[in-house]
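As structure tokens, the structure follows; a few thoughts come after it.
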Amino acid sequence: MDFNVKKFASDAGVFFTRAVQFTEEKLGQAEKTELDAHFENLMSRADCTKHWTEKIYRQTEVLLQPNPIDHTGARIEEFLYEKLDRKAPCRITNGELLGQYMQDAAKEFGPGTPYGSTLMEVGDCERRLGAAEREFFQTSAISFLTPLRNFLEGDWRTISKERRLLENLRLDLDACKTRVKKAKVAEAKAACDGEMAPDFQETRPRNYVLSASASALWSEEVEKAEHELRVAQTEFDRQAEVTRLLLEGISSTHVNHLRCLHEFVEAQAAYYKQCHFHMQELQKELARLPNAFALNSTHSIATAGSASEGISSPVETDTLKIEEVQAPATGTRKAKVLYDYDAADSSELSLLADELITVYTVPGMDSDWLIGERGNQKGKVPVTYLELLS
């Protein structure tokens, strides 16, 4: 118990000395040991790295988990599984859940109906998109988020701890310099004024037997203060070197984060490529599915044909004869092809992305299709694959 009391008193004395030194520096009443410019640049670079790494890390988390409530729940779940030393289960994505709902609805409406079959195809695509999204999230978390978090929770905490220790040792060093300075001033004053009792409150309280002259006692005080100054200087220099090495390691951190950033970009590019492929496949499938609008249009044309006599039309009730379709005098437009398209039969026109074709409509034709012409070639083209130009 006696040892603890002494240690507490010693720690309190050190804390008080540092507080006095810090206050006097802020008031301009004490000198402060300045670090060299290179060291200051290293600390500024480290602070900048920590600041922006933290911002990038937080925003990447938001990107991968947009809903703040879901994000908080996911972090709590991960924390609990980590403490239990178990692997967290895979979380279903919103895309997969939407796809599941669409496919369940298709079964209720009937997969043989136009709406049901379309829901089934779109739902399957949404599930594939959700699976690609989950894979992207997992890859990004491992290759990008984890290294950033390791830096913030590991390397940066170590750097901060060593910097705080360096600042404390710097305060101790400057306090020793102040004591030496005051002791030398008092020693010189004692030598000039003759015998006098030393006021050790100028340096530190100490039990001295005042049997020697004041000058001799001040000389002893100066020697002790200089010895403590040398010890403080040695400890400060050693800690400064340790801190310097850690700060110089920020360059390696930048190299590591650069590699992780490249991996994140590759994962993101692969994810969007998968999404683009799945959407193209979905569009092709939808173009081949029976369309309720087309059925309604066919029924209208058949009704109009039976009610009218003597009127010829290039559009047949069941099959559109492309060779009989003629471009109207007005109403043709230019269109840019957005995606490659392979014709399903002889009535359709194959397309290449980015090419320009001429398009127009004919009476009674399904609104999802247009007639496209490219040179001497002519055929039906899906509207969703085109960008109409003015």
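Backbone N, Cα and C define each Cβ position, glycine as well.
Quick look at what TrEMBL annotates:
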- 24-295: domain 'BAR' (DOMAIN)
- 159-186: coiled coil (COILED)
- 215-242: coiled coil (COILED)
- 330-390: domain 'SH3' (DOMAIN)
Confidence summary (mean pLDDT) of the coiled coil (215-242): 84
Tally of residues which DSSP labels helix, strand or coil - the domain 'SH3' (330-390): 3 helix, 28 strand, 30 coil
